[in-house]
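**Student:** Pasting the relevant annotations from TrEMBL:
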DOMAIN    128-184  domain 'P-type ATPase N-terminal'
TRANSMEM  181-200  transmembrane segment
DOMAIN    225-359  domain 'P-type ATPase A'
TRANSMEM  384-404  transmembrane segment
TRANSMEM  410-429  transmembrane segment
REGION    509-536  region 'Disordered'
COMPBIAS  509-523  compositional bias 'Polar residues'
DOMAIN    903-1006  domain 'P-type ATPase C-terminal'
TRANSMEM  937-959  transmembrane segment
TRANSMEM  965-985  transmembrane segment
Amino acid sequence: MADQIPLYPVRSASAAAASSHKRTAYYSPAAPGSGPDRRGRYELEDESAHLDEMPLMMSEEGFENDESDYHTLPRARITRRKRGLEWFVCGGWKYFCTSCCDWLLNICQRKKELKARTVWLGCPEKCEEKHPKNSIKNQKYNILTFIPGVLYEQFKFFLNLYFLIVSCSQFVPALKIGYLYTYWAPLGFVLAVTITREAVDEFRRFQRDKEVNSQLYSKLTVRGKVQVKSSDIQVGDLIIVEKNQRIPSDMVFLRTSEKAGSCFIRTDQLDGETDWKLKVAVSCTQRLPALGDLFSISAYVYAQKPQLDIHSFEGTFTREDSDPPVHESLSIENTLWASTVVASGTVIGVVIYTGKETRSVMNTSNPKNKVGLLDVELNQLTKALFLALVVLSIVMVTLQGFAGPWYRNLFRFLLLFSYIIPISLRVNLDMGKAAYGWMIMKDENIPGTVVRTSTIPEELGRLVYLLTDKTGTLTQNEMIFKRLHLGTVSYGTDTMDEIQTHLLNSYSQMHPQASGSNSSSTPPRRAQSLAPKVRKSVSSRIHEAVKAIALCHNVTPVYEARAGITGETEFAEADQDFSDENRTYQASSPDEVALVQWTESVGLTLVSRDLTSMQLKTPSGQVLTYCILQMFPFTSESKRMGIIVRDESTAEITFYMKGADVAMSPIVQYNDWLEEECGNMAREGLRTLVVAKRALTEEQYQDFESRYSQAKLSIHDRTLKVAAVVESLEREMELLCLTGVEDQLQADVRPMLEMLRNAGIKIWMLTGDKLETATCIAKSSHLVSRTQDIHIFRPEVTSRGEAHLELNAFRRKHDCALVISGDSLEVCLKYYEHEFVELACQCPAVVCCRCSPTQKAHIVTLLRQHTGKRTCAIGDGGNDVSMIQAADCGIGIEGKEGKQASLAADFSITQFRHIGRLLMVHGRNSYKRSAALGQFVMHRGLIISTMQAVFSSVFYFASVPLYQGFLMVGYATIYTMFPVFSLVLDQDVKPEMAILYPELYKDLTKMLPSSQP
């Protein structure tokens, strides 16, 4: 790997001696008498100041040196920056023009500063500031900008701009060669087709926007309900949204028709997740007797300023007319974001954000118009042909002896030889692209494939880097419970029946105690005194572990309404048949559902849940009720979730918590098996969760509740204050068990990845999963072969010095895969962006774990900028959209996480294995056919120009056309269109052979269009 990197020149002996003297001073401690507080110069804080002078080792000889000899290494060469006229000519003019345009645009469209707001219920007129209109606009242009915008998109290419100049020159009598229609007819046809296509697309977008903006909603007023359009909704309005209806704007959830005071919403069009989300109504307004009482109270909502983050919200609800005033904190669970859909019941909310300030609009980025590399190369070839055209014209004028008005003859020769650059090239290529897209969608071997961007099918044949998501892309996103570890004993899929037996025995022994506790208050004390003896048995340990898994989650059982029953989705009640087969589980994570389904399979079933309680059915049929006191949802920062419940039969209060091992290890009591077993499960490809508990007394809980409620009402730094209060409980928790859940691989993932590697495509896996799980999936999917070495970048890299050492250690390795975490990646890109990308690009495979969506898009952009190669991103969730849009070619999979990635991608497939045929067959054919088509069209133009040159030379270099009228233009367009266009059906090898020998694909990435056969 290091052999491919150029070495730096070694400095002279005198420079080395000076550096050695400098290094001695650098590592010497502080001088005597400098005081005890003065630090030595060898400390890391001062070392970072000298790291600019410390290049990464560029040769194997450098590794012979000691790590302390960094300052003896040669200083990295600094590329000389271009200045003045050289900078302006070599691309600076583009930067200058872009900067000026951005500056003017910012002046014309100054964004309004976003501020926090106070929203009074049902009183839009009390709003202090003017808020944007609640209308959706996905159109690219308006009436005034449509024609200029379309023309700019067309004439920014040199090819079209050239034809425009040539056509305009025919209005000058001295330069006129033929009839105007011979030049304007082809150009007008191209522009008419383009404008018509854009107009149709724009009209369809206008119709979709109009349909959404015209949807009617019920607005609650003092005089009752009023129907209003979605675009007429204002901040402060009280809006009623029915089941299966889209939420029109960002609202705070006030009331619902559900008795539990909560409802489910579907967010697949917002975040790409298909799991339903549970939302909770504000308790103060939910308790009001009637709907009209919302206008009889004086209340307002304080909301933070509009933000991008769809997973957080801070606000307060205040009712002023009560004594004392009621203050209630608001969080993400009290919000209803726009573009989500109500899945159960009817909801009433107060509008807080509209239009451009809603979360969905703020997170929507306008996708760039992707231009294929073939189009860019043909545009460059067009410029080269234009230079040849100019040279040929100058030669003709020179041979003419510059007689007469030679400059006029020069322009006439430029027009006569203009057929070197054929106008039909763009038409033929566009028609070819449309044909390629039709062939892809009609391929029966890859059913369900959709081409959403018809301008870049050739990009599928030139890919060098494939960046893929893991969950739902390489894996099925179907979680199966595989392992339960209790410290001394481990249970797998073949021993689950033992857990069921132990659980049945445990609850059978507890049943008499539970029934006796109803007649007296002493049995709970007796049971509590016997508890230490019971916990020593395996049955009791299994019982505690399974009960914790069945209670610590955010899963809600949903019972579908049976046929003949008209009503909303029914939740389990005390008298409902809990064995109903229509029961399904809804949660924000498939891992949660897998755990609850496993507890059901071993005998402990979650049958009912609302905001304040949940019910479990034991193997013996007894129903246990637990009161939910507090819930702490999972976040990416905390990497854990918790719940505080009270057992109504014993009045015991227990704090349960589960989360990632890195987050739970400092919290649980000392043990000697957790870290080792987590590593073992991760190597098996299992997603691990650590489960723990802590018993609380009534006094402890009351103290916690008062501090927690006070922290939630804070306006400033609420998140930090709440986290600090919760952490006071997370101490010396009892470790119960370790669970392992498997995410199965997609069908034919292994042979498909092997095919892509043989085709010369380097595969990078970007995932948000933990390092161990990502490494295991990379091995099990054969992304990394079992004989290949893996270099795991140290996850704790936080400083520049540590990143320097890790990169030098990685440089020693040859032909090994790289595994790096998102935090370490951020540090490396901050200080050593170029060096890291250069090293990573030489790896056969790269795995980036704990990556955020922004980091994924950043990695794609870095690869494009540093390598100049074509990149492809493939994913299935809403968190992959930014990566897909940043890549040269984006592929979306319609998976369980929704259709957001599929809709944002250039190509949509249904399974990962379809990517093989899409690239090896359709991508390869599209590129080869378009390259050959471009060559033939240019060759045809050269033939005409050669004939014209010979004709002019014979007749004393006269600037007279060889053929008059439409004959020349017709030959270049209509007369020879079908023979040339038939190249889009050309096939050099059968599809089966292209898939069998993927090495054929590798050759395409090394060729230019001019070198294609």
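Each residue, glycine too, has its Cβ placed from N, Cα and C.
Note that TrEMBL annotation is computational and uncurated.
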**Student:** Within the domain 'P-type ATPase N-terminal' (128-184), count helix residues (DSSP H, G, I), strand residues (E, B) and coil residues, in that order.
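**Tutor:** Grouping H, G, I as helix and E, B as strand yields 29 helix, 0 strand, 28 coil.
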**Student:** Across the whole of the domain 'P-type ATPase C-terminal' (903-1006), what does the mean pLDDT come to? Round it, please.
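**Tutor:** Computed over the domain 'P-type ATPase C-terminal' (903-1006), the mean pLDDT is 85 on the 0 to 100 scale.
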**Student:** Using DSSP, how many residues of the domain 'P-type ATPase C-terminal' (903-1006) fall into helix, strand and coil, respectively?
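**Tutor:** The breakdown for the domain 'P-type ATPase C-terminal' (903-1006) reads 71 helix, 3 strand, 30 coil.
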**Student:** For the domain 'P-type ATPase A' (225-359), DSSP counts of helix, strand and coil?
**Tutor:** 23 helix, 52 strand, 60 coil
